[in-house]
Amino acid sequence: MGCVKSKEDKGPTQKYRPDPTNPTPGSHMGLYGPDPTQMGQSPALKGPTNNYNSRSSGLTPFGGSSSVITPFGGASSSFSTVAVNNPFPGVVTGGVTFFVALYDYEARTSDDLSFSKGDRFQIINNTEGDWWEARSINTGQKGYIPSNYVAPADSIQAEEWYFGKMGRKDAERLLLLPGNQRGTFLVRESETTKGAYSLSIRDWDEMKGDNVKHYKIRKLDSGGYYITTRAQFDTLQKLVKHYTEHADGLCYRLTTVCPTVKPQTQGLAKDAWEIPRESLRLELKLGQGCFGEVWMGTWNGTTKVAIKTLKPGTMSPEAFLQEAQIMKKLRHDKLVPLYAVVSEEPIYIVTEYMGKGSLLDFLKEGEGKYLKLPQLVDMAAQIADGMAFIERMNYIHRDLRAANILVGDNLVCKIADFGLARLIEDNEYTARQGAKFPIKWTAPEAALYGRFTIKSDVWSFGILLTELVTKGRVPYPGMVNREVLEQVERGYRMPCPQGCPESLHEMMRLCWKKEPDERPTFEYIQSFLEDYFTATEPQYQPGDNL
């Protein structure tokens, strides 16, 4: 946020045309929040087939879903993108249906219940948000449990191999992690067919090496399931059991369920939003910027968190608290979740702790120095995924750059500090010309006239792409801010960085179109990047002997 000090080839093949049926979002100059011109607009943008502003275009027919919510499965994958009371709508939880724990959980407060994977619960109250009051069948104790850690007993959500609402690309990321063998698999909701599922399997062959095959599991009118018409099953469970015993037309027999990663809880605990400063312990300083510091710390003596401390006067506590209420509802697996706040100055912002730090430091000084283009493009695709969600929610980031992306294990990237830049009251920042303002990342219409929209975020994303491929080099090397502003206004754009494919540079240049509404959507950018190395392959494999 603000000024942070930092310790093959597939291209767009058709001429980019703006879509007259898809107007750009209105300016968000004065307000970070829903765009009143877009309220009621369908999230599925429609447009001509060769339009970069729509991912439903024919240009990327094999694109993964931009609506992935949680990459690591479990019941959390049933959550919507904003706060909900019951992730299992229609399930009676008042003692009629029992729930089973999908993961271990260690109580964080005296009101919580500790439990182990496989424990069973009777739900007493599930109407108060993300933490449910429950009674453990195993111990008889009552307390609160995170609702995304449980699923109805004997349901498909309770199966270890079921990963819920997960996109194709995230399934591939998980299955291709080191340690997984050929035949490792998962089942997820189909992105393209309502009521259907997809089976994703890790495979290997001499030509492609390790890869993932996807099979559509179709539903019969009678209620059964099949991949190939000659092998039909009453339940998904029976289908999975069959293919663990025989490949029977698949690329390989199902051998091992894909290991999952325990999801983040939605918030620290029940009613732990505005928290006392004393409940936080600052332990290790991770970084320092113009407006504050970032620490690794512990909440309530139990939970590791990241804590951003803001210098007094950086922003109004009232405005921040109002903004934070919006930010905590923006839930997506590629956004750093906001856990809690200390709302009196000095303001503290409590978020998930990401072990590898900022993307900028990771590229310059960490393991990122050794990454090759496929990994860098995949990280860019993850960031585009998070920004596509912000785009669908009609919000804007305002300060998108590598310093504001955080990295976790297995090259997971999450977007941080979305929306906070609007609240900064520092004169050197608000003037947009001072040393604290990130001119080199900012679209000209935003830097000169304060016209911040999702399309100015697209411009910033193009700059972020240069940071990725150059391993953290400052944009416009050798140029000062004023010079950058003048040159960009005259039409100057950064040349193709060394080692960067021309097709990727072409995407950067699309992001830097002078007219904001000629820049692509994040939905399109995500699709382009996810399929950068695989655009010639079909999304789903046919089973043999269909």
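The backbone N, Cα and C atoms fix where each Cβ goes, glycine too.
According to Swiss-Prot:
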- 1-18: compositional bias 'Basic and acidic residues' (COMPBIAS)
- G2: N-myristoyl glycine (LIPID)
- C3: S-palmitoyl cysteine (LIPID)
- 48-58: compositional bias 'Polar residues' (COMPBIAS)
- 94-155: domain 'SH3' (DOMAIN)
- 161-258: domain 'SH2' (DOMAIN)
- 280-533: domain 'Protein kinase' (DOMAIN)
- L286, G287, Q288, G289, C290, F291, G292, E293, V294, K308: ATP binding site (BINDING)
- D399: active site, proton acceptor (ACT_SITE)
- Y429: phosphotyrosine (MOD_RES)
- Y540: phosphotyrosine (MOD_RES)
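Taking the binding-site residues L286, V294 in turn, the residue surrounded by the fewest other Cβ atoms inside 10 Å of its Cβ turns out to be L286.
In the predicted model, the domain 'Protein kinase' (280-533) shows an average pLDDT of 90. DSSP assignment over the domain 'SH2' (161-258) gives 18 helix, 33 strand, 47 coil. Figure note: comparing Cβ neighbours within 10 Å for the recorded positions Q288, G292, D399, the maximum is reached by D399. Across the structure, G292 (ATP binding site) and D399 (active site, proton acceptor) are spaced 16 Å apart at their Cα atoms. Helix first, then strand, then coil: DSSP counts for the domain 'SH3' (94-155) stand at 3 helix, 27 strand, 32 coil. The DSSP secondary structure for D399 (active site, proton acceptor) is coil. Of the recorded residues, L286 (ATP binding site) and D399 (active site, proton acceptor) place their C-alpha atoms 20 Å from one another.
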